[in-house]
Amino acid sequence: MAMPVKLTPASLSLKAVCCRFSSGGHALRFGSSLPCWRRTPTQRSTSSSTTRPAAEVSSGKSKQHDQEASEATIRQQLQLVDVLENMGISRHFAAEIKCILDRTYRSWLQRHEEIMLDTMTCAMAFRILRLNGYNVSSDELYHVVEASGLHNSLGGYLNDTRTLLELHKASTVSISEDESILDSIGSRSRTLLREQLESGGALRKPSLFKEVEHALDGPFYTTLDRLHHRWNIENFNIIEQHMLETPYLSNQHTSRDILALSIRDFSSSQFTYQQELQHLESWVKECRLDQLQFARQKLAYFYLSAAGTMFSPELSDARTLWAKNGVLTTIVDDFFDVAGSKEELENLVMLVEMWDEHHKVEFYSEQVEIIFSSIYDSVNQLGEKASLVQDRSITKHLVEIWLDLLKSMMTEVEWRLSKYVPTEKEYMINASLTFGLGPIVLPALYFVGPKISESIVKDPEYDELFKLMSTCGRLLNDVQTFEREYNEGKLNSVSLLVLHGGSMSISDAKRKLQKPIDTCRRDLLSLVLREESVVPRPCKELFWKMCKVCYFFYSTTDGFSSQVERAKEVDAVINEPLKLQGSHTLVSDV
């Protein structure tokens, strides 16, 4: 197994290529001190940038330089950025990518004909700029489609598969219900692409067929980043073929460098992930959590969700606590649902309320002792580490997060015992907490870089991010787990809609819930990308990452409850060596 990745001669060569593109096509000596290269040691990747109004985009080169004939077109520059992001190595080229995107954004604001007269370039620019925090409107995409005479139909693109593919990808980054143009483009492009898959007419190239098939598997928010990276690395022959058809990306050394760095980065990450997972497995045994026979053992799934989204090596602490608290919340959930008596549950809540004074209260059972001791030790260790990182005491906040979860679960138990049927509003207020994302996501915010003051934690934006993420996740879960929970005598949003909706059927209730699910997802992404923000962008991104995790497990089935549904994805991210397709057959040779 490879050791942690370092910049190699190949990746340095690739940096030179990126720098050439970011400078407008003029070759630059690697390491030259141009304005677009300057950044502080703490400056983050463009994936963590905030939404930028026009005035805040870096000036880069002079206007005269920007207007010079450029060897690389905007489309070619964006294609390079897209390749680096899809291969999971964009963070190594943050400054170069920022230059490219700043230049592209200026061209977007100026309605440059290279963007506005080319549908494929416009769609790609819209998608990449938006997801990197630039303030772009879908109205521009509407005008481009309308100007092409295809306002009511995308049929004119029937034989232009790549344009259809870019339109389809652009349609998935909606941040508002008002962006109906994206829904329309998405529906039509998806239909035409599926027709092409079925007929094979316009997809004569097997690589293009596979690329379309992969894109239609689901929107970008339904998979984990590291799984997406793996697919692109293993199917690099598809990307390489497209690069070879593109001037200034067709250099075989460039494609080889991209592949080499991507493989080293992914493989070294697996080495790290395996070590972290082994540590977590030991922790489960040390805490005696494996002795709780009633509890679902979901460590692998929680670690997959952490490594699959927070994949950078420096986020080890965040991954570890994410997985630990995921395991603990699942055990607590099972304890409240099926295993604990009312006396045991009340005892556990009281112990957490007492916290450091818990010795004044006896453990009602060994099960309570194991669960409380695991929470207590983990929270105190985490609090000590977080307090050092944040330069202030954090433990009290971590205890409050757990107490909020336990009290909301106790409310659910009391409803069940008294046979009380809550209103839909009552249910959602409580159920967004009982879904259990608080102890997983909120502590991780302290370990992704920025300082999180107490005023940030108390700000309404912080609460809104949590509410949108938790509501989206809870509704996705309810739709997929309705049958099982109904058989167990439990209420959820589906059954409440049926109960309060008169003659509404179960299938109608599930369809009706799709709108609030979509709304929460769009509103969350909008808030994450918003520039005017109290919560730092790297922290906001964790809420979005967990939203993607919820889609990953619950968008089509109850993938979390199954022991095997996502087992192959666990291996794909953590254990399984890369298997390259096409001409790149031996990873070790790259």
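Here the Cβ of each residue, glycine as well, is placed from N, Cα and C on the backbone.
Note on Swiss-Prot: of 8-12, 233-237, 333-337, 583-587, the range annotated with the feature motif 'DDXXD motif' is 333-337.
Same-chain residues lying 6+ beyond the ends of the motif 'DDXXD motif' (333-337) with a Cβ under 8 Å from its Cβ atoms: 292, 294-296, 344-345, 348, 367, 371, 409-410, 412-413, 434, 436, 488, 490. The distance from the Cα of ASP333 (Mg(2+) 1 binding site) to the Cα of ARG474 (substrate binding site) comes to 14 Å. The helix, strand and coil residue counts that DSSP assigns across the motif 'DDXXD motif' (333-337) are 5 helix, 0 strand, 0 coil.
Using a 10 Å radius centred on the Cβ of ASP337 (Mg(2+) 1 binding site) and all shown protein chains, the other Cβ atoms total 17. When the Cα atoms are compared, ARG474 (substrate binding site) and GLU485 (Mg(2+) 3 binding site) turn out to be 13 Å apart. The 10 Å shell around the Cβ of THR481 (Mg(2+) 3 binding site) contains 19 further Cβ atoms across the protein chains shown.
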